[in-house]
Amino acid sequence: MTWRATVLTLFPEMFPGPLGVSLAGKALASGLWELEARDIRDSATDRHRSVDDTPAGGGPGMVLRADVLAAAIDAADADQGRPHLLMSPRGRPLTQSEVAQLAAGPGPLVICGRFEGVDQRVIEARNLQEISIGDYVLSGGEIAAMALIDACVRLLPGVMGKQASGEEESFSDGLLEYPQYTRPQEFEGRGIPEILTSGDHAKVAAWRRAEAEALTRARRPDLWAARGGQEGTKSTTDG
Ligand code: SAH
């Protein structure tokens with residue numbers, strides 16, 4: 001079955017947006033994955049088609065109604081067994097390993113919040129997993145959903161030109177990626193590290209490994225500590 005992302009949003013016209021161009025867009029056009037954007041408002045029941053209301057207990061803004069969102073989820077939920085994700089700054093931070101897991105499954109149902117967020121009861125009643133794309137607040141879940149879907153799609157079989165390029169990049173081994181270079185040979189007086197033009201593949205691999213480790217150590221002590229803080233350790237995700 002084709003990998004499919006179903007997005008529940010108040011702004012379906014935002015899709016496919018950036019997912020319709022380049023790598024993801026070509027793959028979408030050639031049927032390597034499917035995207036369905038559904039309007040939450042279609043599940044509103046009153047004659048004003050209202051989807052939100054004022055927060056219980058007071059305070060600014062509006063909250064997405066539990067009954068409307070639950071109806072939208074139920075209407076979208078033809079294929080059982082797919083993960084139900086709610087984009088949310090309170091969620092667990094999205095990681096590359098979770099992206100890889102999602103890419104390996106049937107594809108998620110992704111709910112985009114707006115306003116102050118969604119009624120807590122629908123999160124519990126529909127068992128929504130809250131996912132954050134970082135410690136900052138967006139005005140809506142759509143851009144977060146696009147980030148998540150883009151990260152998944154590039155891992156689907158046949159989407160990336162060379163299968164290998166997904167395995168060597170940032171995070172796949174708990175490390176940031178080594179520096180990359182291409183022509184010209186000299187740029188504003190800066191050359192390319194000699195090892196990279198030596199043709200010695202073992203030396204190139206060792207250099208890249210050392211650079212990746214040094215970079216991770218300097219920039220992301222959290223990642224470095226998480227993988228044991230040791231040079232040359234092989235993680236289980238190594239190919
Ligand atoms: N009042 C909420 C923020 C709501 S922002 C709070 O303080 O937690 C509106 C919507 O944008 C959210 O419901 C969510 O769907 C989306 N959103 C905002 N920031 C996000 C982030 N960092 N990651 C994922 N989704 C986010």
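Placement of Cβ uses the backbone N, Cα and C atoms for every residue, glycine included.
Keep in mind the model is a prediction, meaning the values are calculated, not measured.
Listed features, source TrEMBL:
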- G113, I133, G134, D135, Y136, V137, L138: S-adenosyl-L-methionine binding site (BINDING)
- 5-225: domain 'tRNA methyltransferase TRMD/TRM10-type' (DOMAIN)
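Here the Cβ of Y136 (S-adenosyl-L-methionine binding site) has 7 other Cβ atoms within 10 Å, regardless of which shown protein chain they belong to. Put simply, the two farthest-apart Cα atoms among G113, I133, G134, D135, Y136, V137, L138, the recorded binders of S-adenosyl-L-methionine, are 16 Å from each other. Each of the binding-site residues I133, V137, L138 was scored by the number of other CB atoms within 10 Å of its CB, and the largest score is that of I133. Remark: G113 (S-adenosyl-L-methionine binding site) has L64, L86, M87, S88, G140, G141 as non-local neighbours, by Cβ distance under 8 Å and separation of at least 6 in sequence. The average pLDDT for the domain 'tRNA methyltransferase TRMD/TRM10-type' (5-225) in the predicted structure is 95.
Note: D135 (S-adenosyl-L-methionine binding site) has non-local neighbours P89, P93, i.e. same-chain residues 6+ apart with C-beta under 8 A of its own C-beta.
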